[in-house]
Amino acid sequence: MAAFFFGLLLFAMQPPPIPSRPAERGDRGPPPSPTASSPLALNDTGATGHPNGTLKQLPHILIIGVRKGGTRALIEMLSLHSAVAAAENEVHFFDWESHFQKGIPWYLSQMPFALPDQLTVEKTPAYFTSSKVPERIHDMNPGIKLLLILRDPTERVLSDYTQVFYNRLQKHKRYQPIESLLVKDGEINLGYKALNRSLYHLHLQNWLRYFPLESIHVVDGDKLIRDPFPEMKRVERFLNLEPQINASNFYFNKTKGFYCLRDHGRERCLHDSKGRAHPHVAPAILHKLYRFFHEPNRKFFELVGRTFNWN
Ligand code: A3P
């Protein structure tokens, strides 16, 4: 109950949702359908062209997740690079049946117009945890480059809870306090979906059945929050992009408490729904949660041959 009123108070303090970019689909409902008047025409290569010489291409890069890992920050930061054209919204092509059934031409229609030598990137964080998705992406392009941004799994659960909490608040629906979702009969509640999404090793195993580890670059979402520039250099290297993003593209905004972006003199921060306060969780439950993730984390580190500073 206390968490509910705490959220109500925070919610009342939120300014109206005017995003720095168009709204994200994962947060705000399905994408618009292509219109009959859309200036698209399929050319010989299967890409769709525009009279001004730009064209729509299937993605060369996918940000596959994880939900609340920092996926919006990552795609915005990647868009600082002139060789990258990013889809503005989450397309949910491979995970939503209704979209997948529309086929590749529809998927292509959701991509941004890009110059022929630009790389197209799309992000849909739900891809990472959807079991049917890796095979479908592999069928489209087995050589695609995958970016996976992860955060401390406990932090991610709290962030996930916070997002659902605000979504329900917006719909004037109540939501359970986080403690009652995390623990059932004194034990960690494995049935809580947000908890399952943080079992990174389980989901990654599914991807590794279709893609070699070399095709997947794991971005450290905690480091991206604290100091985005070095993480973005690593991303540039993984994508074989000419080094272009630099330290002056980022500045720390004390009011927001996060790094914001500077692009050709224009400064912008992420939408207010990114970087919200998380609910207070009783220390004993928090410790239980950290302990619970210890073994899954170890398995994940083994899979990727790398460790992360997750408690
Ligand atoms: P919180 O809102 O829980 O803090 P996603 O875009 O995948 O939904 O991830 C949202 C998370 O991105 C936020 O979670 C926030 O911590 C993180 N993030 C990383 N860099 C950020 C930045 N520069 N500005 C705002 N949020 C950022």
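Note: Cβ is positioned from N, Cα and C throughout, glycine not excepted.
Bear in mind that TrEMBL entries carry predicted annotations, made automatically and left uncurated.
Per TrEMBL, the features are:
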type	residues	note
SIGNAL	1-20	signal peptide
REGION	19-53	region 'Disordered'
DOMAIN	59-295	domain 'Sulfotransferase'
BINDING	Lys68, Gly69, Gly70, Thr71, Arg72, Arg151, Ser159, Tyr259, Lys274, Gly275, Arg276, Ala277, His278	3'-phosphoadenylyl sulfate binding site
ACT_SITE	Lys68	active site, for sulfotransferase activity
DISULFID	Cys260-Cys269	disulfide bond
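Distribution of TrEMBL features across the structure.
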| residue | record | Cβ contacts under 8 Å, 6 or more apart |
| --- | --- | --- |
| Lys68 | 3'-phosphoadenylyl sulfate binding site | Pro125, Arg151, Arg156, Ser159, Asp160, Gln163 |
| Gly70 | 3'-phosphoadenylyl sulfate binding site | Ile149, Arg151, Val219, Gly221, Leu224, Ile225 |
| Cys260 | disulfide bond | Phe250, Tyr251, Phe252, Asn253, Glu267, Arg268, Cys269, Leu270 |
| Lys274 | 3'-phosphoadenylyl sulfate binding site | Arg72, Ala73, Phe258 |
| His278 | 3'-phosphoadenylyl sulfate binding site | Glu155, Leu158, Ser159, Tyr161, Thr162 |
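Comparing Cβ neighbour counts within 10 Å across the binding-site residues Arg72, Ser159, Arg276, the minimum falls on Arg276. Under the DSSP three-state reduction, Lys68 (3'-phosphoadenylyl sulfate binding site) is assigned to coil, being neither helix nor strand. Here the binding residues for 3'-phosphoadenylyl sulfate are Lys68, Gly69, Gly70, Thr71, Arg72, Arg151, Ser159, Tyr259, Lys274, Gly275, Arg276, Ala277, His278. Their largest Cα to Cα distance works out to 18 Å. Averaged over the domain 'Sulfotransferase' (59-295), the predicted model has a pLDDT of 97.
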